[in-house]
């Protein structure tokens, strides 16, 4: 299905999240601020903290949309770890804050009287700060990876292409990031899910056992439980499963973007949780409808002066003209919100149209091998792309471009020859540069333009070899059997079906020996003699790293233990604070704390 194309899917979902999640979260923010100004409650403070986290995510989401347009990272490199940091921070903030809300609701139902006497908004602020600090520290693994491996200049970007953000990692990086992912997923996704299930199941059970509870409160409790649990199952559990699968298989699964998509949907579903959790948001919607009806009645009286009963008193009417003006201003806000909804529908239709045009493109271009090409100075660079064109279409222009830190130039255009070192062959799909210099390294991008004006492109990174490990391979591996004799054989080498004469390898004069520099791949040895043609696979691997002081399987345990220790330290600090307040209260001979002070048990 064309909708399963990753670029189109990510672009569409992120755009819909932005145009639907932003108005809902802005309206929720307005309602929470008004509620906090009047009378703040613990739940309102927790939800306000979650609302701020969602808005921060939506603020940075356009960067993800730009990346999703071509599934390439063409922006400043410092934005890559920042975007990943914000994405992860919002995920873990959402899970832990929703868990705090569920615990707050459960305590308010199971221990209604005692809990109501002891709750205070200050506790919610403290819990929110703890959650934010904990997640800020946990997500800093993104920047730790960047500076710890700063000499490789690959962390945060895809090491195979340098044009995809935070995608693939080498073995040394996986030893750090996979156990960390597992530990945080257990603490911030699976344990909160279990706590939420326990709290909401017991809330529903307790409410149904009480006869004096109205159906409205029961409906709110059921709605809150269902919306929160669905939010966990749809948005956050796939992301946690992704981390568990990656740790078990010791790799970074390819479906990371799909897991992030599901977790991003939470910013659209959170307003439903806000609605069922806070009366402030319900009153906002209710007051909007009532204010519009009341304004119509006031306007009718101002124009006609006719009414019945209490409304017919003109003195009363003129006395409350200020009320009418206030209602009018609120109605303007209502009409503005309606305009925003219309704009959302229009923008959605426009997006679907544009994406539909993008999906209907009948041309594609790609480099079959996305690995970075390591080329030594003075060697010949060969880049060849695969171009697919539907019948009836024709190519108008082929453009090769080079981007690096020093310059951004067009190295080839159409089928022309730029200089005596650069040639374009195979109808524009192959680029050949002889005698590679320092200025030739960077990201090469091939763009194909067809007659209809549609453009498609793909990129491949070319990098310089620096202080490489060396491995020498001989043709002894290519003999058909032990003791086979060859008369004047002719040797050649290939990698991925491409002859190595134009690649990095240094081949001896007779062709029997290949000197590899910083390449870890499978090569094909080809021997041609009077006895026939022989091919053999030869694998070249970089030197094995030294022994790891910690076995791979123990990294997950280490990170889980460290994360649990962090929670224990935080709990001990809170307990010491509460104990100090409790003993201070006893020393005051039973006098209660001043109003507004914290109350601890």
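Placement of Cβ uses the backbone N, Cα and C atoms for every residue, glycine included.
Automated prediction, rather than curation, is the source of TrEMBL annotations.
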Listed range which TrEMBL flags as transmembrane segment, given the options 45-65, 150-170: 45-65
Range annotated as transmembrane segment in TrEMBL, from 66-84, 85-103: 85-103
Range among 299-321, 322-344, 345-367 that TrEMBL annotates as transmembrane segment: 345-367
Confidence summary (mean pLDDT) of the domain 'G-protein coupled receptors family 1 profile' (24-274): 81
